[in-house]
């Protein structure tokens with residue numbers, strides 16, 4: 001299956017199977033570049049926020065993962081504070097072509113709900129969680145979300 005055909009299939013899945021926690025759509029004239037918006041998961045310090053993301057998809061998709069970055073600043077141990085890069089194994093070495101864009105964005109939402117402080121891209125956020133300063137982490141994460 002070509003990259004374009006797979007992206008059209010993923011787009012169809014997005015239109016019918018999304019619960020409203022995120023939207024994702026291709027740029028007008030470039031099917032390999034998508035924009036999205038994630039709603040912060042309820043019960044997290046991000047629940048008041050909406051986060052813009054960009055998704056770059058190579059012509060080798062789905063053999064290679066999409067490259068997804070946060071555009072909106074977010075305080076999270078697994079998201080780089082300057083570049084928006086996401087530290088998520090399925091976007092790197094654990095990728096499999098069976099996964100779709102819907103699956104990837106659901107995994108990002110799970111990451112927002114369950115940060116992994118032991119492999120941080122944002123050391124400040126990681127240190128707060130490793131030191132069990134949940135109040136400090138939650139306060140900063142919430143401030144970035146509103």
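Note: Cβ is positioned from N, Cα and C throughout, glycine not excepted.
Sequence annotations record features per position, and here TrEMBL assigns domain 'UBC core' to 2-146.
Under the DSSP three-state reduction, residue 87 (active site, glycyl thioester intermediate) is assigned to coil, being neither helix nor strand. The active site, glycyl thioester intermediate annotation in TrEMBL covers 87.
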For residue 87 (active site, glycyl thioester intermediate), the nonlocal same-chain Cβ neighbours (under 8 Å, six or more residues apart) come out as 78, 79, 80, 116, 119, 120, 121
